[in-house]
């Protein structure tokens, strides 16, 4: 009996001893579970708060985007209205300029005429090679191709051929010409990567150069100004000549880097220049493209002052004028070598407002367009022609 009681006491004691760690473990587990539940509840609270803040931020962004869209529409409307007003002002200015044109340059200096005498009178009559009888009545369109290079420069096609190649002279002095196979390559964002570089044997000066019938005619300045005829096919000099012109001065008052400007029209090659002897007005000469000899020379009534460029169309010299603070360029003086155009009957032609001033303007006889360089922008002007009989 006593043994049974002892056994029961031992069993109870062992049970108590083994049950105590289990209770501690359960209590520990319950504590950890409570902490986890608390953290989960806290995470839910934070998640709800963050969701609310994100929703508020999204609403703010949407509201800001809506306001930006409204402001953009408002700015677009303002720009359209401004453009309409500018166009209206341009038309009004054109009308005022048409009703009150600046006086054309028609008077010839009597002293200049007497000084040259019979020598010049012998060459007053010019025998035309073609039957071209067009004159410029209006600049009908302007196309801005791109902006490339320096503020001064020249770009042109071959003015006596059907080639689509583009030739670019960057700056007012260098020894490299860029050649592009087509207009597409020139208008690319990085055009120099598509260009073939032509290194000339002598550096060129000014922007009075030209590509004509596969040859490059450019101006070299040594002791005297020299015209170089360079074959683009063989990359060699074919001929060179010093023009019989003494004491040259800049031919354009607003483009001081140009002393000689070689241009082309339906009649062939011409040279526009100025001398100290006749330092007020521009001179013109007919150039033989084969021998580089001067065929005829004229003193024109067109002033050098405020001239920025010039070109020849059907044997008539058109001089483009501007102001020192660039405004709208205009053809204000016309000199016809055959004497069939009277300056009084030629209207003043205005060019569209652009960026600065023209450093070069090359007339393309085949396309009836002008390739111009305006403060680093390459521009094409389309011309509207009239028969000379329509002026009278």
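The chain as shown is numbered from 1 upward.
Just so you know, glycine gets a Cβ as well, placed from its N, Cα and C.
The structure displayed is predicted, hence computed values, not measured ones.
What Swiss-Prot annotates here:
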type     : residues : note
COILED   : 52-100   : coiled coil
DISULFID : 132-314  : disulfide bond
DOMAIN   : 131-387  : domain 'Olfactomedin-like'
CARBOHYD : 174      : N-linked glycosylation site
CARBOHYD : 234      : N-linked glycosylation site
SIGNAL   : 1-19     : signal peptide
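Overlay of Swiss-Prot annotations on the structure.
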residue	record	Cβ contacts under 8 Å, 6 or more apart
132	disulfide bond	265, 266, 267, 314, 315
174	N-linked glycosylation site	203, 204
234	N-linked glycosylation site	none
Ask   = How many other Cβ atoms are found within 10 Å of the Cβ atom of residue 314 (disulfide bond), counting all protein chains shown?
value = 24
Key: Coarse DSSP state, helix versus strand versus coil, of residue 174 (N-linked glycosylation site)   = strand
